[in-house]
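Undergrad: Annotated transmembrane segment per TrEMBL: 12-35, 470-490, 522-540, 552-574, 641-659, 703-723, 735-754, 817-837, 843-862, 952-974, 1005-1027, 1048-1069 (among others), in sequence order.
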Amino acid sequence: MSSSIRFVSPSLFFLLWIFFVHLAGIYLFTSGFLLTRLALTNVTACNDGSCTLPPTHKRAIVLIIDSLRFDFIAPAPYIPSENNAEYSVHHHLTLTLPSLLTDAHPRNSFIFNSYPDPPTVTLQRIKGLTTGSLPTFVDIGSSFGGSEIEEDSIIGQVGMNGKEAAFIGDDTWMNVFPNAFHVNMTWPYDSFNVEDLHTVDNGVITHLFPLLESGNTPDLIIGHFLGVDHVGHRVGPYHHSMHSKLLQMNATLTRVVDSLSDDTLLVVLGDHGMDRAGDHGGDGQLETSAGVWIYSKSIPLCDDEKISNKIPSQLLPYTTFPDADSPHRYIQQIDLVPTLSLLLGLPIPFGNLGTVIPELFWRQSNPPQNPTEESWGWGSIRKTAVKDEDRSRASSLIRALRLNALQIHTYLDTYRLSSSGAELDDAWLTLESAWNGTHVDEELALVNLWDYTRLALSSCRSIWAQFNPLLMVLGLVLFSASLLSTYSVYSGIGKVTSSHLDPATQTTVVWEDWLIARMWQALRGLAAGSTLGFLASLTYETQLKTFGKGMDSLDCILFMAPFVSCVMVGKLSLSKILGLLPPMSNILKTLPFVLHAISFFSNSFTFWEDRIIAFLLPSSLIPHVFIGLRAPTARLRRRILGFTGLLVVCIRLMAVSTVCREEQHPYCHVTFYSSLSSSSALESTYTSTVVPPSASSSSAPTFAVIGAPLMAILLPIILSRCLKQSKSDQGLATVWFNWIMTPSLFCGSVYWLIEYVETAGLVDESEWGAVLRFCRTFLSRAALGWSVVVGGVVWWKHPLCISIETSEGQRQIKILGFANAYGAPYMLFWTIPFSAVWATTQLTGQIVLGLSAIALMSYLEIIDGIRDVLMVEEAFTSNRLSDILPSGDDFALGATQNNHSPNVKFYEITPVILLAMHLFFRTGHQSTIPSIQWKSSFLLTSTLTYPWAGTFIINTLGPIWVILTGVGLVGVWLKGPRFSSVPSPKETQKDSQQSPPVVSADDQIQLSILLCSLCVSMYLMTILLTTSLSASILRRHLMVWKVFAPRWILGTVVVLVGDVSLLMVYVGAWQVRRVVERTFSRMMGQALT
Ligand SMILES: [Zn+2]
Ligand SMILES: [Zn+2]
């Protein structure tokens, strides 16, 4: 009868189908949400000065006043009067120096309203301000996840051209330019403490003036004040503290101007604005209005006050600040990059997308031979005709614009040839024709060059810096559709089986037939959907271009096919969807799940998720405790409550191990790594923000050094004891733990012990380094090879854990381990991924892994106890007590174990998934990129070699993978094979008396595995749905790149890991069922003939 177990069953089909729908949804959502850009490392360089202009200034002082909104320095944006509600004495007309000087020296002083690209966060703005590029979430580069700038920048150009740069202020700069500033002229201050309004500012003031007044002022000074920003965050702009802060800034700037030398350019700017509450990060008008003031003491920046009459108005755009009376000059913040570069005689950074500010290049191109004392070179204006002057000025601006446009064109060309070049496909033709339009005579060139640079900026913005809401919504719709149809299948199967449970042998037909019908619906849906999608993309091609920007026919098909399929599988309609809501009692049981799902809308809940899980996990056991309390026998009650206690103890012990996110300081103490290294990371907050503690400290605490090898030896003994309870420590189990699992775990622990010895510096590196590394590599390969390859093969051949004793002339068979005939082999199967993850996990994590295995085993006992309770209760209510009592004429095989209802409840699976997340956090991970343990990528080789370096993926996601694979155990634990003595039709014809009883393809096992899988799938999909929703709703939130987007990425990979784990569960359970059926059928045949 082994043919009755088909490998391609409707269950497998549904797992693959769900996987496909998930992939399609993730693909669509990701292409709409994840802003990526390839960071090119090219730099602009030329030996002959052809890529820049002669400098007008020898040095520059760039002072960043964090959150300096435009109206803080604007020349009276609001007329102060009683009926003007917008005017505020706290921040208007307080920092007046810029507007006073602009009034007095219109050729030397300029104020602009600048547009910083959102997200208006300091880190992203520093990147933009120095490279001229657009913000993206992932700058794909060589050091993924680090914040160091790898692209060409103005700071880099200063260094490359033999100049010196000094830095004082917000230490964020040290993250992005760790090595760019002069070692003796760098004074970073912690930016983390928003409560502290003055330390950073006082620090800047202390170090700035000695630099300015000393003989050798560096060529570039960056000063970054944080006070205005901190006042904003703390009390908002409508508070007297803001007034005094701005007065302090005014006084500081006045002193700077006084000590400014003639050849120094002063740039004062806000990296972004602030909203009415004083916060920033989003794309609101107030947040994206930052003030810029450019001042030159004696050299005029522009030699004509009436420039607006001379050049086309499109080059000089204006904008009106909200509720202001008149418009102001408006620039892009990144325009400062090419402008500053050319004014200082530096090449424009390679990836810049800004355009030079026209006013500052409107001057006669060739300084006369004998400059008069009036200014730097334009004394001879009166001698030449007006028209020639303007032509000369225009050609000077054209030269600047040409260099600018050429740099952008080179950048786009290079990007186009890179691996990500296809991103520019849509915009390429327009860009090229605009570029060709710049090769014209002077008059037209001015406009065309300007247009080209602006077209490049807007094209790149639409590719890199704009979310695609349509694709995001389509992704979210698919997530919801897959969730609803999965639930519909889950509840549908539950209904068919419970209504047909009585004739036990009939269930196979009923639920499989039902599922096969749904399978055909799914296939029809896929076919119909892809046709519809294809036709839609053809018919509405033109509409798609305008309405569905960035959407192609592949996207159409990838949406329609799974969507129609989901609708047909779930038979979804609005009334049905409302009807799908589970009853109230179930909602209470699923409360931990609901709380977990909605917590991602809050940033603080998201970054305290590790603690929240540690709380939700025990809470999810409350339904189990209630059932345990009403158990009919004291023994059963003790069993359920005792194991619940053990499980809670394991959870608590696991929770001892922590790593901290940056945001959790100072309320978090690292215990995953040794206290020595974590305290050194905390010693200065500066270090802890530069290098996250999880990455910097790397050695295990002392207790782990002893605990991990001990756990490696104890755990197999404990697992073996678990099997002994059901007498299934037979067969393969007799050798498995001693010869497969223990050696593998032990090798894995010794690997990390050696690593510990090396990093702790306990041995002489030069003498022992090579030997130790050789031993380590050997051990890790041995650990993985032994458990995965050898263990895998042995298990596949002989997975069973039973032994057969025959007596009395073969008339009575005693099978040891019968009751757990499925569970025991599956547990051995489960230890294979467990051992693999063990080898990649550091010492502290290994102890936690061991505890999680004990926790999972306790949970299996709880679940089995609960099923016993429910079964007895059901039997009492239906008066079918005989069902649960062993009937005399049966085989003496403990048939009582077999009558568990196959239905799996969602609340039974919730603790397992929470345990998976708990294990993820407790093995030294957080949902942040810096918490990845890169160390584990050197497990199998001493150098970074693909694909072996991928072991860090096992390290990161393995904990989740292991526990989710363990879900299969919940489905099969302590369920013996079922016997069917109903002869098959063929045999009836021959001789019904002689036909042996056969073991049916145990549909109950298959069914409960499928239901477990559907529960896991629903749980993980819900988490992905809520994390995606929060990331898309809060996509302009201050914390999106730090908190929501990383959590969304984790949600995405967890869904994929979940789908893979479920396929593994299927394969493992399939093999167990196949072998069990074959063995027992043969045995029964022998016994009865
Ligand atoms: Zn800022
Ligand atoms: Zn801020």
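The backbone N, Cα and C atoms fix where each Cβ goes, and this holds for glycine too.
Heads up, TrEMBL stuff is auto-annotated, nobody curated it.
Tell me about the surroundings of these features in the structure.
TA: Here the transmembrane segment (522-540) has Cβ contacts under 8 Å with residues 13-14, 17, 552-553, 556-569 of the same chain, all six or more residues outside its ends.
Note on the transmembrane segment (641-659): residues 610, 614, 617-618, 621, 624-625, 628-629, 668-673, 693-694, 844-845, 847-848, 851-852, 854-855, 858-859, 861-862, 865, 915, 918-919, 921-926, 931 of its chain, located 6 or more positions outside it, place their CB under 8 angstroms from a CB of the stretch.
Within the chain carrying the transmembrane segment (703-723), a Cβ under 8 angstroms from the stretch's Cβ atoms is held by residues 729, 733, 737-738, 741-742, 745-746, 748-750, 752-753, 756, 801, 817, 820, 824, 827, 831, 838, 842-844, 846-847, 849-850, 853-854, 857, all 6 or more beyond its ends.
Packing against the transmembrane segment (735-754) from elsewhere in the chain are residues 700, 705, 708-709, 711-713, 715-717, 719-720, 772, 775-776, 779-780, 782-784, 786-787, 790-791, 794-795, 828, 831, 835, 838-843, 846, 939: each is 6 or more residues past its ends and has a CB under 8 Å from a CB in it.
Long-range contacts of the transmembrane segment (952-974) within the same chain: residues 726, 819-820, 822-823, 826-827, 830, 833-834, 836-837, 840-841, 845, 849, 852, 856, 859-860, 863-864, 897, 904, 908-909, 912-913, 915-917, 919-920, 922-923, 925, 932-937, 1005, 1008-1009, 1011-1013, 1016, 1053-1054, 1057-1058, 1060-1062, 1064-1065, 1068-1069, 1072, each at least 6 residues beyond the stretch ends and with a Cβ under 8 Å from a Cβ of the stretch.
Beyond the ends of the transmembrane segment (1005-1027), by six or more residues, the same chain brings 9, 11, 14-15, 18, 22, 26, 476, 479-480, 482-483, 486-487, 489-490, 493-494, 497, 507, 511, 593, 596-598, 600-601, 822, 902-904, 906, 908-910, 912-913, 964, 967-968, 970-972, 975, 1044, 1047-1048, 1050-1052, 1054-1055, 1058-1059, 1061-1062, 1065-1066, 1069, 1073 to within a C-beta distance below 8 angstroms of the stretch.
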Undergrad: If contact means at least 3 Cβ pairs within less than 8 Å, sequence distance 6 or more, would you call the transmembrane segment (552-574) and the transmembrane segment (843-862) in contact?
TA: no
Undergrad: May I ask for the residues of the chain that lie six or more residues beyond the transmembrane segment (1048-1069) and have a Cβ under 8 Å from a Cβ within it?
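TA: The answer is 11-12, 15-16, 18-19, 22-23, 26, 30, 33, 600, 822, 826, 829-830, 833, 927, 957, 960-961, 964-965, 967-968, 971-972, 1005-1006, 1009, 1012-1013, 1016-1017, 1020-1021, 1023-1024, 1027-1028, 1030-1031.
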